[in-house]
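These notes concern the structure reproduced below.
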Amino acid sequence: MITLEEYLDGTGAEQELKELVRLIAAQATPIREAFLTNQTYAGTTNQSGEEQAAMDTWADRHITEVLQRSGLVREVASEEQNDILKIPESHGEYAVVMDPLDGSSLIQVNLAVGTIVGIYDHGTVMQPGEKMRAALYMLYGPMTVLTLTVGEGVQIFALDNNNQYVLLEADVKMPEGNLYGSGGLRTVWTEEHARFIDTCEQEGYKLRYSGSFVADFHQILKYGGIYCYPAVVGKERGKLRLMFEANPIGFIATQAGGAICDGRMNVLTINPEKPHQKTPLYVGSKGLIEKVNGTLCT
Ligand code: FBP
């Protein structure tokens, strides 16, 4: 089976990007090993006002230290850090955005969680998602899976018994499918969103929603459909973060022939104003995203 190294060597990715992707992907093993001793909460909150799980802060510190030591990264923006970390001594020009542990509240109930990462070049994280140089996520489920794009389509790898990433699926294309999931309480959905979900249900779409964005998205990537975390009454920006969650996942979705929007426009074209800004998001099969065009996405 093709290894991650062999795949990367066959792409046009520059040497330092290949090194950075391999370095980040390799952190799946120590992160997964830390689950057992980091089941509780850290007693702190992140910039979004959410209580941080012990694994949120552990994964954040761990990945940040690895990136700092690499000398490849000039900036790091993390869901779990208030400010952008600048690393002026780095010789590299990459900038990393990350959600170090997405869905962390699910670790103690043994459901799939993951690490979401976006990589920019030109040394700054404050760029729209469409400018990403690469995006990836590690998904910690029955397998440890790496979903990766370096701008040449989407590949899915899995760790084998030798702790080596081997190619599971090449050039992934998101099918139309019939799965849907939506965050937010139904009692505060907007009329437009409730109408869209009703349409999905009337057309026989099946509900898939675990509480882990990265795990729920991976199902959509494989089987097709849509994941929504919409604007709700009182929270017009929704819950998920533009830079750390929506952009990397949206970049991967687009590279696999899918699409992402916020109910009005393509999320990947948004120029971020603040690192922790939130965005409503609809991500999934292109036909379904276009189908909501009139009511949600234009
Ligand atoms: P974090 O765990 O990184 O904060 O991610 C937010 C998240 O857990 C998503 O993974 C998930 O899709 C969503 O929140 C679930 O929100 P809710 O509990 O409101 O349905």
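Residue numbers in this text run from 1 along the chain shown.
Any Cβ shown, glycine's included, is placed from N, Cα and C.
Note: TrEMBL annotation is automatic and uncurated.
Just one of Glu75, Glu79, Glu80, Glu89 is listed by TrEMBL for the same Mg(2+) 1 site as Asp99, Leu101, and that one is Glu79.
Here TrEMBL has Asp99, Asp102 binding Mg(2+) 2, and the candidate from Glu203, Glu236, Glu245 in that same listed site is Glu245.
Secondary structure at Gly103 (substrate binding site), taken from DSSP and collapsed to helix, strand or coil, is coil. In this structure the alpha carbons, written CA, of Ser105 (substrate binding site) and Asp99 (Mg(2+) 1 binding site) are 14 Å apart.
Each of the binding-site residues Ser104, Ser105 was scored by the number of other CB atoms within 10 A of its CB, and the lowest score belongs to Ser105. Counting only the Cα atoms, the space from Asp102 (Mg(2+) 2 binding site) to Lys239 (substrate binding site) is about 13 angstrom.
Glu79 (Mg(2+) 1 binding site) sits 9 Å from Glu245 (Mg(2+) 2 binding site), taking the Cα positions as reference.
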